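In what follows, a single structure is set out as structure tokens and then discussed.
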Amino acid sequence: LSQVAADEGILHASGSRMPPVTKDYCIIYNSKWVSLPESLDNATFRPLENLTSTVLCSSSEVPSGLMKDKAVVVMRGNCTFLEKARIAQSLGAKMLLIASKSRLSPISDNKTDFEDVTLPVALIRYSDIVDMQLTLGNEVNVTLYSPPLPEFDYSMVVIFLIAVFTVALGGYWSGVAELENLKAIASPGERETRRKKEENVTFTPVTVILFVAICCVMLVLLYFFYKWLVYVIISVFCLASAMSLYNCLAALIGEIPFGQCRITCCNKTIEVRLIFLAAFCVAAAVVWAVFRNEDRWAWILQDILGVAFCLNFIKTLKMPNFKSCVILLGLLLLYDVFFVFITPFITKNGASIMVEVAAGPFGNSEKLPVVIRVPRLEHSASTLCDLPFSLLGFGDIIVPGLLVAYCRRFDVQTSSSSVYYISCTIAYAVGMVLTFVVLALMKMGQPALLYLVPCTLITSSLVAWRRKEMKKFWKGSNYQVGWMP
């Protein structure tokens, strides 16, 4: 989960077309140089003069009188921001915008050398200037303001509901599969058939350590070779999410007693409705891949595919005992904390590897499809700049979800009335709330597993200890051990 607290502001532009059209754009400014109003009520509009054909490193580049009482936009060049500002101010400009074709970065020139500069200076994307002309026309009035960062965004509520729903449903589905296994083992005639249908993969302590090591290597490779590997991850996500969506919907369709028409091909019989379902799931993944950068609606499709992926992962991957759960969650907690909090002391630019990969290193426009995305509902500069979405990584759902799934299967095996499953699900919800609280207080990116892992592990341990079943809970049931591959 991440949140931005930086010198970000908003450029509010108003066009001369009828009916009047307005649009907001992201700016970066230095609050130590100038303070911007918090709302449009106290903002002053200025006509915009587009001088992106010059870098304004010399006053001779601009005709006399062209800038007077105007907001001026020039290109980023070899001279410093405040040198440009001093020239613009001497020519009568009231606002200076510096257009950048590269990633927006903080403005950090030395203010003490330019105490006489009083006009606002801000950095803006060059693509936004182009969009402004196309959308609003050539005659545009602009102003700058910086609304305070909201303490809480209601998109977090949506993120919370999606996460808890996915974890709870994934755990319940895993318990249903376990109940079917128990019924199958009680009937020798169905045992072999059930084993052939079983698609679960069991994690042992050794495979847990190997899995975490692969995660570490993959994250480092993404950091150094992002612009190539991002397309590999996108391709894998499309394939995996299409298969996961098919498995989730096929389980629902299997409960419907209608439309079971079958066809036979190559000595195999298959339901017609499952063929159409497979085509639908593939089409959904393809549509997302084609329109993945369309922010207005593609996030909905990504979230649907992501939830299906997480559900299928939680149901398919089985933890054999609580011991394996502790090893997996503990190692991934260390992995999360290390790559968020420790790596800034190692990298050259002082940024964490986890945050850089999530945001796309070096301003890469392609983002990894490994998060649940919900548009921010509160208006702020962050919604226009780096983070127009609230994000939650798939790992923050899947990793605790595997523990919830184990608790549900243990409930089924011991007929314990879902006490472990319900307790662990509630603990996950509490951990999510705690994450949001810390995020709002600290206003910086948080590794959610730092709060989710202790909440779920401690709660599960307390329930097992209180019921005097810790030894059995730690080692797993005899049934499960007997059926491990």
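Cβ from N, Cα, C; glycine included.
Annotated features, as they stand in TrEMBL:
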type     : residues : note
DOMAIN   : 57-129   : domain 'PA'
TRANSMEM : 154-173  : transmembrane segment
TRANSMEM : 201-225  : transmembrane segment
TRANSMEM : 231-253  : transmembrane segment
TRANSMEM : 274-291  : transmembrane segment
TRANSMEM : 297-314  : transmembrane segment
TRANSMEM : 326-346  : transmembrane segment
TRANSMEM : 387-407  : transmembrane segment
TRANSMEM : 419-442  : transmembrane segment
TRANSMEM : 448-465  : transmembrane segment
Determine which recorded stretch among 154-173, 274-291, 326-346, 419-442, 448-465 has the most C-beta pairs below 8 angstroms with the transmembrane segment (387-407). 154-173
Count the CB pairs under 8 A between the transmembrane segment (448-465) and each of 154-173, 231-253, 297-314, 419-442, then give me the winner. 419-442
Look over the recorded stretches 154-173, 297-314, 419-442 and say which has the most C-beta pairs under 8 A to the transmembrane segment (274-291). 297-314
Which residues of the same chain, at least 6 past either end of the transmembrane segment (326-346), have a Cβ under 8 Å from a Cβ in it? 203, 205, 208-209, 211-212, 215-216, 219, 319, 352-355, 395, 399-400, 402-403, 445-450, 453, 456-457
By DSSP assignment, list the helix, strand and coil residue numbers for the domain 'PA' (57-129), in that order. 21 helix, 16 strand, 36 coil
